[in-house]
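Since the structure comes first, as structure tokens, the remarks are kept for the end.
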Amino acid sequence: MTFLLPSLFCLGCFECCIKCLGGVPYASLVATILCFSGVALFCGCGHVALTGTVSILEQHFSTTASDHALLSEVIQLMQYVIYGIASFFFLYGIILLAEGFYTTSAVKELHGEFKTTACGRCISGMFVFLTYVLGVAWLGVFGFSAVPVFMFYNIWSTCEVIKSFQTNVTVPGDQICVDIRQYGIIPWNAVPGKACGPILENICNTNEFYMSYHLFIVACAGAGATVIALIHFLMILSSNWAYLKDASKMQAYQDIKAKEEQELQDIQSRSKEQLNSYT
């Protein structure tokens, strides 16, 4: 008997663990991890890359502070927006994960009969709409985050062309330039506004340029991962909302059926009472 008690205890713990693991909404968990990872990459890398971009502009393309004052204010505002995005999506991801726990069919089986309400269905529908809006917004963020990647890639590719001319001197390297003013981020009267030849090559060899370029790529990838996570969340929420809708119809059907059965039992009991009174 003493040997059976530990084995029975271990068996009970094992069954309890299996039952709990069966109630985990793995789809929502994967979407939450992907969303957190994407937002963290976008916010963290984007914040550092914007700081490096301002430093590159101040040192090489716009030596007068008044020329890039507006750009500095916009970048500072974007960094504050990044703080807000990180905080909001941390809370929103937790809420969606909790919603996934409470609307997963495995959890309903753990807690027995599940009763849906109009408020619960309304909240699920609200999450579907909000996630759809956020997904569309993040598509715009993903496209916007590709713009600095395109700009840095053009600068980097121009530097590679300059390096290739060191062996092939058919065209002087000083004639190859990058004019930042054409992108509209600094005004046309900014001095110097462009970099040519060896100066441009030295800019590409700096740590600030190298880090900012690669951080913008990672931030763009993070935005793409967030879009995928929101699409994943949207599919999960739509499925859960459809389940709640079907469950509410089934619940109404069961209530009507139970009411009819009770009325039938009442009629049968009254008939038996009347029959007994006659006899």
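Note: Cβ is positioned from N, Cα and C throughout, glycine not excepted.
Feature annotation from TrEMBL assigns coiled coil to 250-277. When pLDDT is averaged over the coiled coil (250-277), the result is 65.
With a threshold of 8 Å between CB atoms, the same-chain residues lying at least 6 positions outside the transmembrane segment (26-50) that come near it are 75, 78-79, 82-83, 85-86, 89-90, 93-94, 96-97, 99-101, 104, 141, 145, 148, 211-212, 215-216, 218-219, 221-230, 232-233, 236. For 26-50 (among others), the entry in TrEMBL reads transmembrane segment.
Panel annotation: around the transmembrane segment (80-103), residues 23-25, 27-29, 31-32, 35-36, 39-40, 42-43, 46-47, 123-124, 127, 131, 134, 226, 233, 236-237, 240, 243-244 of the same chain, lying at least six beyond its termini, place a Cβ under 8 Å from a Cβ of the stretch. The annotation transmembrane segment is assigned in TrEMBL to 80-103 (among others).
Annotated transmembrane segment per TrEMBL: 123-156 (among others), in sequence order.
Within the chain, the transmembrane segment (215-237) has long-range Cβ neighbours (under 8 A, six or more residues past its boundaries) at 25, 27-28, 30-32, 34-35, 37-43, 45-46, 48-49, 52, 89, 96, 99-100, 124, 127-128, 131-132, 134-135, 138-139, 141-142, 145-146, 148-149, 152. The feature transmembrane segment is assigned by TrEMBL to 215-237 (among others).
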